[in-house]
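So the structure is just underneath, and the comments pick up after that.
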Amino acid sequence: VRAVIKGRVQGVFYRIWTIENATQLGLKGWVRNRKDGSVEALFSGSPDSVQEMEQRCRRGPPAAMVTGLEVFPSNDDPGTGFEKKPTI
């Protein structure tokens, strides 16, 4: 799935936190900042792990304040690990 997280999610270690949590859950994909202030991520793995990651993204790291989470189906290639991509 592709997720877009909105709120105070840039400058609060959200991407690093996402990489740590996704790796812990055995997910593949990526995370990046967007110029509109949101964070976008692609999560690929077992349905239970993806669902758990969605729940974790609703909370985020301690300094974040998540005000919205949109999740969309995706057929994008997640790659072989979990990485941080450049801002778009």
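Cβ atoms are placed via backbone N, Cα and C, with glycine included.
Per TrEMBL, these features apply:
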ACT_SITE  Arg15  active site
ACT_SITE  Asn33  active site
DOMAIN    1-86  domain 'Acylphosphatase-like'
REGION    68-88  region 'Disordered'
The domain 'Acylphosphatase-like' (1-86), counted residue by residue under DSSP: helix, strand, coil: 24 helix, 30 strand, 32 coil
Under 8 Å by Cβ from Asn33 (active site), same chain, sequence gap 6 or more: Gln10, Arg15, Val39, Glu40, Thr87
Integer average pLDDT (0 to 100) for the domain 'Acylphosphatase-like' (1-86): 98
For Arg15 (active site), the number of other Cβ atoms found within 10 Å of its own Cβ: 21
